Amino acid sequence: MDDTIIALATAVGEGSIHVLRLSGPQAQEIIERAFTPHHPQRWQEKSNFTLHLGYFRAGAKVLDEVLIGRMSAPGSYTGEDVYEINCHGGLYIAERIMRECIGLGARLAEAGEFTKRAFLNGKLDLIQAEAIVDLIAAKTDSSADLALAQMEGLLSQKILLLKDQVMETLAFIEAGIDFPEDDVESLDRDALLQRISKGLELARDLLDGSKTGRILREGMLTVIVGQPNVGKSSLLNALMGEERAIVTDIPGTTRDEIRESVTIGGILLQLVDTAGLRESEDLVEKLGIERSWKAMEKAELILLIIQAGQELKAEELKILSQYDQSVIVLINKMDLLAGKERGEEVLENYPTQQGVWIPFSVKENLGFKQLEKEIKQRVYQGKAEKTKEPLLSNIRQITALERAVSALANGWDSVKNGLPWDMVSIDIRQALQEISQMTGDSVQESLLDDIFSRFCIGK
């Protein structure tokens, strides 16, 4: 990292201002050559984290009046000397300033290169770096809060505890291998089992929250299914707050999947409205119904809509039988019933009680609060939704931790079965390697390139 990089940190296009970020060993020299401050004495003080107004020049020609932020190494975002040039928001002006900096020795930054330098300079670990991308992409308060907790290092702290435990376990084993004649604790297999069990407990605790974390980060794939004309499209429109799907009394109106995103109780749902389930001779409708069944196979949540006062159809019973734990049954059109039937007593009409059943009416706005409560219950797995407990949410990190758990479990089995300690150490070392991959302490350059390529150019 002996070169200096520059990139536009704001979105391409016209606006009130553009921000150019410059970082590297030549950053100060480039700015000194191109920037004429309005207050030279204050500029010469070289105070850190300060803003300075002045002219940015290309030789004798003034390009713009700019505001420059100075952040000196090692206290900057990248750990290098960083200057942020705030210019007027025309893209032409920003490009002129960028070209001048490149002419003075900088080069255009690659995608994510500023954050990659921050990682390589020890300003943040890989989990914190990936959380920055998640924060930028966040679509709900919950996903933003999750990313912020990871950026603050709260998740990294828990992983560091796990890593320390596994490192101590490995040292414990290696002491037993190196000094087999000593009557020390390292020869005690029960003590070793306890150490491995502690590591497994810490790792599994992290994994337990990963489903919640992943849903908060990516959303929950939710499929709306049911017979024709039970209110599937009406529910989609109600959740969206707009007429997204066509609603008619004609069966088979929805023939293809309609996909939309909606936030309920701070949780992002990736909604799929499907074709009504029935026997049909229409080729196009039959294809839509086949897609409905395939969508259910991938769904994390199935909203099965049935019509109040009607017996369950074969397709509905099949869904309840096959996808019991994933189903919430919405007994829709409660507004069409009279008397006691409009209350909880309606549940008595359905002897099959797989899944969760909610009396519902899109027309009268009945059942939406209970639906939101049930969705939260499933996502947070009964825990308080406002918890600040850091959660795993990144599939790369989750996969690495799953491999670490597998390696620790293999090590535990090896000890229990009386295998030599050098054999046990192979599994424990593998677990340590996987945990180090999570934080970036031990990671291949190709993986780093892949991770940081997902960032925008100016980040």
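The backbone N, Cα and C atoms fix where each Cβ goes, and this holds for glycine too.
As written in Swiss-Prot, here are the features:
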BINDING   R21, E84, K123, K459  (6S)-5-formyl-5,6,7,8-tetrahydrofolate binding site
DOMAIN    219-380  domain 'TrmE-type G'
BINDING   229-234, 248-254, 273-276  GTP binding site
BINDING   N229, T248, I250, T253  K(+) binding site
BINDING   S233, T254  Mg(2+) binding site
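Here the CA atom of K232 (GTP binding site) lies 42 Å from the CA atom of K459 ((6S)-5-formyl-5,6,7,8-tetrahydrofolate binding site). Counted over all residue pairs in R21, E84, K123, K459, the record's binders of (6S)-5-formyl-5,6,7,8-tetrahydrofolate, the longest Cα to Cα distance measures 18 angstrom. Of the listed binding-site residues, namely K123, K459, the sparsest Cβ surroundings within 10 Å are found at K123. Separation of the C-alpha atoms of E84 ((6S)-5-formyl-5,6,7,8-tetrahydrofolate binding site) and K232 (GTP binding site): 51 Å, rounded to the nearest whole number. For the binding-site residues given as R21, E84, K232, S233, A275, the lowest number of other CB atoms within 10 Å of the residue's CB is seen at E84. Other Cβ atoms within 10 Å of the Cβ of N229 (GTP binding site), summed over all protein chains shown, number 19. Of the recorded residues, N229 (GTP binding site) and K123 ((6S)-5-formyl-5,6,7,8-tetrahydrofolate binding site) place their C-alpha atoms 57 Å from one another.
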